[in-house]
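Following this message is one structure expressed as structure tokens.
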């Protein structure tokens, strides 16, 4: 009986350790401002020397106003993550502002390292996500309303209105990562084997080439 209990405790401990390591590491000190000039590579960033830390390491003004939208998708994402705010290192949080032109789309994508919560600053958006069972959850959200996109699931936002729209996004990761579905498949470098794409989408090579060509211009 004792051996069984010990085995269960060990198994639960392993599960807890695995769960903890699946998210950003917890901070073990007051500050660990990212030192991006350091050559060391690790899961995160090494800490800047305390004497070199300034208030600027915790400040970013880049999401205070709408971004200039010049993409063919009609949207612009301005991240406020550890790459812009070094003081976010080890804190497991970040923000982003997304601005949409009328009819603008933030195309289907995933965040492999974070759940996302969006808060509507301006306009009205159609938003949604798809589960691994191919179930679509979609809703129209307006100013002051919130919608959640679970971690790792494909999701999108679209401005169906005739005026601009904006949201503020919050993430439970200092660097959530973004993988666009279309770009991941059709604009990978090196390119995904063509027969993989033709068989997956049940289309011919000419169609694959046409999609690649169009995506290449959508920067």
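Here, residue 1 is simply the first one shown, and the rest follow in order.
Using N, Cα and C of the backbone, Cβ positions are placed for all residues, glycine too.
Dumping what Swiss-Prot says about this protein:
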SIGNAL    1-22  signal peptide
DISULFID  32-47  disulfide bond
CARBOHYD  52  N-linked glycosylation site
CARBOHYD  70  N-linked glycosylation site
BINDING   109, 111, 116, 155  Mn(2+) binding site
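Buried or exposed, and what's around them? Tell me for each listed feature.
Other Cβ atoms within 10 Å of the Cβ of residue 32 (disulfide bond), summed over all protein chains shown, number 22.
Reduced to three states, the DSSP call for residue 52 (N-linked glycosylation site) is helix.
In sequence order, 76 are the residues of the chain that are 6 or more apart from residue 70 (N-linked glycosylation site) and have a CB within less than 8 Å of its CB.
Shown in sequence order, 148, 149, 155, 169, 170, 171, 176 are the residues of the chain, 6+ apart in sequence, with a C-beta less than 8 angstroms from the C-beta of residue 116 (Mn(2+) binding site).
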Cα-Cα separation of residue 47 (disulfide bond) and residue 111 (Mn(2+) binding site), in Å?
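So the Cα of residue 111 (Mn(2+) binding site) lies 25 Å away from that of residue 47 (disulfide bond).
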Sort out the sequence-distant neighbours of residue 109 (Mn(2+) binding site) for me: same chain, 6+ apart, CB within less than 8 Å of its CB, listed by position.
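Long-range Cβ contacts: 154, 155, 156, 178, 179, 180, 181.
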Could you say whether, by DSSP, residue 111 (Mn(2+) binding site) belongs to a helix, a strand or a coil region?
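Where residue 111 (Mn(2+) binding site) sits, the three-state DSSP reduction gives coil.
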Measuring Cα to Cα, how many angstrom lie between residue 111 (Mn(2+) binding site) and residue 32 (disulfide bond)?
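Between the alpha carbons of residue 111 (Mn(2+) binding site) and residue 32 (disulfide bond) there are 24 Å.
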From the centroid of the CB atoms of 109, 111, 116, 155, the recorded Mn(2+) site, which same-chain residues not already listed sit within 8 A by their CB, in sequence order?
110, 129, 149, 153, 154, 176, 178
